[in-house]
Amino acid sequence: MLKNRLMLIWAVIQLEAVGVVRLHVDENLSVTQIIKKHNYPVEEHTITTADSYVLKTFRIPHGQQGKPESRNVVLLVHGLASSSDDWILLGPDSLAYHLVDSGFDVWLFNARGTRHSRKHLKLDPEANATDFWNFSWEEIGLYDLPANIDYILNHTGAAKLFYVGHSQGGTANLVMLSQLPKMNEKIMAASLLAPAVYFVNEKSVALLKVVAVLFSPRVRKISFYEFPPKSSSHLTDISNQLCSFPGLITMCYNTIYFGAQLENHPIDQKLIPLIVQHAPSTLSTKQIHHYTQIMQSGEFKRFDYGTRRNLKTYGFSKPPVFDLSRITTPMLIFYGNGDFLASPLSVQKMTNELTNQHEVVEVPFDGFDHVDFLWARNAKELIYEKTLEMFQKYVN
């Protein structure tokens, strides 16, 4: 650890010695501090799931002008390796602020295992790692989302709420609504940004090969664990420091986001140091395993434990598929033509299984990618305003 710290200090000294000036980034501001810095009120709520995970959810009850709390409630749900932080890092144009300024009561979700939700009534994420990290996005959809939705509706007195999910936030939403049909009655409408369900793309296949090497699908012989491992936390310190130098921003971005080229994205490079401070968040390797299984089988289905355990868990030798035809919640579904994870063909395959009222929208910006939905400088005009327009139809 000392050696790593010394390497960090040496690298920073060398860069500063040649006159490289770091971009100014507020050091280690928490979510609540960032929200307060932007002059919005914020609350922290603790929510316990039916299987005893303790989650933290943030709330922005009203806008800067001190308006009364709205009964139009919206839950924002992050993607894989992300957290509630994603929805506020874009600054004044962030989706959270755009919705709250438009009269919505905004709640920011944090799934189990993320930086804000690392607690359990009986398990410790380190001492009981094998049990604590034994979850996928399936459990997030079956336990975390219902617990949040029921808590929020009870706390606010609203009959229904609106839902926005990015990537895995879309996956978990479809799991919940297909497996727990009554939850459809509690969501007024949903906006899914690049939902990660199917992976019909050459780059997705290439990524699968890498994932298959790093995370062996022989799940019966391994245990699941935290990723990135806590032992690599010093690397986060290094990246936070080095990624504040302009000359290294592109490298930092490309390393974190699957080698995507920053110059092809409508993202302000000055935002990268702040993003690196808050992303990626921790997750369970079982979440990655589950996506790998979807990539390999081409079926959106429950976790595959192998024949023997599948029979014990599901009563079938193969895991059941998620029946998307059971979903009745109206949806607005976005995809970008530069997104190799939720590619146009992947989204089309998903929507072919939906029977609910839904509209599919290609983001009108060539090369729009998976992370652009969160941090593109034009995300507000391309996505957020259309989402707001759809929600307001149901409000009215």
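Placement of Cβ uses the backbone N, Cα and C atoms for every residue, glycine included.
Now, the feature entries from TrEMBL:
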| type | residues | note |
| --- | --- | --- |
| ACT_SITE | S167 | active site, nucleophile |
| ACT_SITE | D339 | active site, charge relay system |
| ACT_SITE | H370 | active site, charge relay system |
| DOMAIN | 31-89 | domain 'Partial AB-hydrolase lipase' |
| SIGNAL | 1-23 | signal peptide |
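Mapped onto DSSP classes, the domain 'Partial AB-hydrolase lipase' (31-89) shows 11 helix, 19 strand, 29 coil. It is 11 Å from the Cα atom of D339 (active site, charge relay system) to that of S167 (active site, nucleophile). The average pLDDT computed over the domain 'Partial AB-hydrolase lipase' (31-89) stands at 92.
Taking only the Cα positions, the spacing between H370 (active site, charge relay system) and the residue listed as 'active site, nucleophile' is 8 angstrom. Its Cβ placed at the centre, D339 (active site, charge relay system) has 26 other Cβ atoms within 10 Å. The Cβ of the residue listed as 'active site, nucleophile' has H78, G79, L80, S82, L193, A194, P195, A196, L341, A342, H370, F373 as same-chain neighbours under 8 Å, each 6 or more residues away in sequence. When other Cβ atoms within 10 Å of the Cβ of H370 (active site, charge relay system) are tallied across all protein chains shown, the result is 23.
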